[in-house]
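Undergrad: Here TrEMBL flags A:A163, A:P164, A:S165, A:R166, A:C167, A:G168, A:K169, A:T170 as ADP binding site.
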There are 2 protein chains.
Amino acid sequence: MAATPAAAVPTHPVRAAYFVSDSTGITAETLGNALLANFPGFVFRKHTIPFVDTVDAAAGVARQIAADDAAGREPIVFTTAKNPAVRAVVTAVPATHIDLLSGHLGELEQALGTTASEQLGQFHMLGDTTEYFARMRAVEYAIEHDDGQSARALDLADVIIVAPSRCGKTPTTMYLALQYGLLVANYPLTDDDFPAEGLPPLIAKYSARCFGLTTTPLRLSQVRHERRPDSRYSSLAQCTTELRRAEKLYARNRIPFLNSSTKSVEEMSAVILQTLGLRR
Amino acid sequence: MAATPAAAVPTHPVRAAYFVSDSTGITAETLGNALLANFPGFVFRKHTIPFVDTVDAAAGVARQIAADDAAGREPIVFTTAKNPAVRAVVTAVPATHIDLLSGHLGELEQALGTTASEQLGQFHMLGDTTEYFARMRAVEYAIEHDDGQSARALDLADVIIVAPSRCGKTPTTMYLALQYGLLVANYPLTDDDFPAEGLPPLIAKYSARCFGLTTTPLRLSQVRHERRPDSRYSSLAQCTTELRRAEKLYARNRIPFLNSSTKSVEEMSAVILQTLGLRR
């Protein structure tokens, strides 16, 4: 069979994308990426430039963007800088400029009948010591209770994530702790927990706060293979059995659950918050 | 002394704020919060409503917003739903509507000379298994290497965060792991590490990847007091000494460092990425 000629491979045009921020760049990155994801036919070479809060810093960014040839195509520049002088310097560069903040700030000023504060937005700032302590405590709680390591203070848990090994408990636990300051424990279902009909004794009395994860046998087998190749643990048969038993256990005990195989950590976290009625 | 009359306390007008999304709500929340932070004179009662991806779901949201009296003031509704039918239902409710996505999508369509994909933005979707594995591995690495627990595979670390106990190493480590899939270890400086002039032997050969944290003695004392009240460990004298020694150690070994006392986890992470030249 003849090789497919190279010209038949669809080419994805390359564009440079800049996320320019006067703070951490997280807002610019989050919204900018959400927007760019709608154009799957392109390849975007992404650059995040945080802490651009002076005209001098802005001039440096402008030079960098101007020097970016990106195959002769105009870069796309997402900006969240609040300072008009900083914005003016950045937007003077020939590029597609998308101002993520100031237009909406104007709409809010009109709706609230006041001008935006001259202080930097405090959302990503520490400011609130209480919030800092809550997050620190939540992350430490999550580490301590990872993989059922500790039964101590399980009564404090806002959520207990239950699942067979390698279904995605740990990253989801950590995301909920870090983003929302929630106390999240997780409990690994093992062969010892079956064929009992009820929940494992350690978590039985907290069933209202339990949330189950499942996945597809094939995916679980792949993930386990990374850890222990060619083992009984990673075999398709073992994975199929464990997942089937776990799903039965969830159903019998009315534990809400979801399939993690096509979901990101962010999506699973959003579903868990919504299902258990937890405030974000 | 007479109590201050209640009327003298400045009143912060209350407004309801809704973040309405057809996906996780994270983008709407992130940008919406960044915008609202510019109006510190108001108290916003915030509601995130994720997964609003049908006209029926949108109608439910519209009813909820319409029923929200919020002291007689119009709610503010931030929307990131892509589906025009969903948006039409939501925006029919009397409120201040701020469309975070579709205006910018239009700008991008024009710049790229194509229409946005009908598929949902894949940014928050798992999609990429490689990325999922990277994050899972990074979180597990962070847990394993928390608080200098393990010297194994320290040569794999992208970053080693060095600091006295309770300066904010753990939450920052976890944030870098979860958001950026970086392998981050952390190393607690103790009395045993002084008065040596050089870095502790375990991390000395990785000095180019080390980043130090410091804080103010008062704050460190407060944070330590939460863990061990009225101990030598939490005394202002001990905290002052440890921080002074740590800062000297960083300076002598050219370890970049920052003061965590007025910074959020997000800000510290952004500075670390920028200083060590790590790609996000």
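Heads up, the Cβ atoms here are built off N, Cα and C, so glycines get one too.
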Undergrad: Tell me the Cβ neighbour count for A:R166 (ADP binding site), meaning other Cβ atoms within 10 Å of its Cβ, over all protein chains shown.
TA: 26
Undergrad: When you average the Cβ positions of A:A163, A:P164, A:S165, A:R166, A:C167, A:G168, A:K169, A:T170 for the ADP site, which other residues in that chain have a Cβ within 8 Å of that mean position?
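TA: Neighbours found: A:N186, A:P188, A:L213, A:T215, A:S260.
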Undergrad: Can you tell me the three-state DSSP label for A:C167 (ADP binding site)?
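TA: DSSP call for A:C167 (ADP binding site): coil, neither helix nor strand.
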Undergrad: So which of the binding-site residues A:P164, A:K169, A:T170 end up next to chain B, with Cβ to Cβ under 8 Å?
TA: A:T170
Undergrad: Quick check on the binding-site residues A:S165, A:T170: which one has the highest count of other Cβ atoms within 10 Å of its Cβ?
TA: A:T170
Undergrad: Within 10 Å of its Cβ, which one of these binding-site residues (A:A163, A:C167) has the largest number of other Cβ atoms?
TA: A:C167
Undergrad: My understanding is the cutoff is Cβ-Cβ under 8 Å with a sequence separation of 6 or more in the same chain; which residues meet that for A:G168 (ADP binding site)?
TA: A:L213, A:T215, A:S260, A:V265, A:M268
Undergrad: Using a 10 Å radius around its CB, how many other CB atoms surround A:K169 (ADP binding site)?
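TA: So the number of other Cβ atoms within 10 Å of A:K169 (ADP binding site) is 28.
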Undergrad: Can you count the other CB atoms that lie within 10 A of the CB of A:P164 (ADP binding site)?
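TA: The answer is 24.
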